[in-house]
Amino acid sequence: MRAPPLLLLLAACAPPSGAAVDPTPPGWEPAPDAPWCPYKVLSEGPETGGGRLCFRSPVRGFRCQTPGCETLASAGGSLRAHVLRNRSVLLQWRLAPAEARRVRVFALNCSWRGTYTRFPCDRVLLGASCRDYLLPDVHDSVRYRLCLQQLPLRAEVAVVPPELAECVEFTAEPAAMQEIVVAMTAVGGSICVMLVVICLLVAYITENLMHPTFRRPSLRRQP
């Protein structure tokens with residue numbers, strides 16, 4: 001089993017006061033008795049095989065804090081992507097009860113835009129009980145496109161056509177570059193403070209040691 005510790009940490013941390021938060025709308029929060037989510041990652045390439053079956057727990061109480069998180073929605077509104085500053089993306093989706101009974105599996109297709117064409121990335125198959133998925137380690141400044149499609153039950157394939165995929169596009173911000181800029185700004189400020197202290201110290205030494213003050217001769221007559 002692989003449980004995402006990052007999401008558990010995000011769910012447990014409350015947002016600070018004064019920070020804008022995108023609340024979880026009704027219908028997006030998983031049920032208290034929601035089962036484990038089975039999923040399988042199908043990597044690209046002929047030697048990757050069919051993937052390994054894994055399980056993850058649903059995310060509860062997630063809040064998208066605007067300084068470090070951005071929420072994007074698909075055209076149909078049933079798929080949401082929360083782009084976090086740590087280069088991970090949390091996907092959430094919801095279905096009507098009638099639609100949920102017809103779903104056999106969800107297919108999550110991923111691609112990213114290159115200079116002249118689009119390149120596919122890992123494909124994920126998720127069980128019918130899944131309502132969220134964490135996509136870790138996305139690349140900075142790359143335009144991603146994620147599409148979630150509902151695959152119906154085998155008995156209803158000929159009766160009910162597959163639903164059109166809900167897609168969302170996003171670009172992860174270069175968080176590492178922002179951290180470097182912040183660090184360089186902090187270091188530059190420290191250097192400026194040190195230079196000011198050194199200048200004051202040199203001025204003090206020059207004034208008091210290089211040019212010592214002489215006492216004036218006393219005007220009192222000696223007996």
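From the backbone N, Cα and C atoms, a Cβ is placed for every residue, glycine too.
Features of the protein shown, as given by Swiss-Prot:
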- 1-19: signal peptide (SIGNAL)
- 20-179: topological domain 'Extracellular' (TOPO_DOM)
- 72-168: domain 'Fibronectin type-III' (DOMAIN)
- Asn86: N-linked glycosylation site (CARBOHYD)
- Asn109: N-linked glycosylation site (CARBOHYD)
- 180-200: transmembrane segment (TRANSMEM)
- 201-223: topological domain 'Cytoplasmic' (TOPO_DOM)
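Long-range contacts of the transmembrane segment (180-200) within the same chain: none, as no residue at least 6 residues beyond the stretch ends has a Cβ under 8 Å from a Cβ of the stretch.
Across the range of the domain 'Fibronectin type-III' (72-168), the DSSP-based residue counts are 7 helix, 50 strand, 40 coil.
The CA atom of Asn86 (N-linked glycosylation site) is located 22 Å away from the CA atom of Asn109 (N-linked glycosylation site). The sparsest Cβ neighbourhood within 10 Å, among the listed glycosylation sites (Asn86, Asn109), is found at Asn86.
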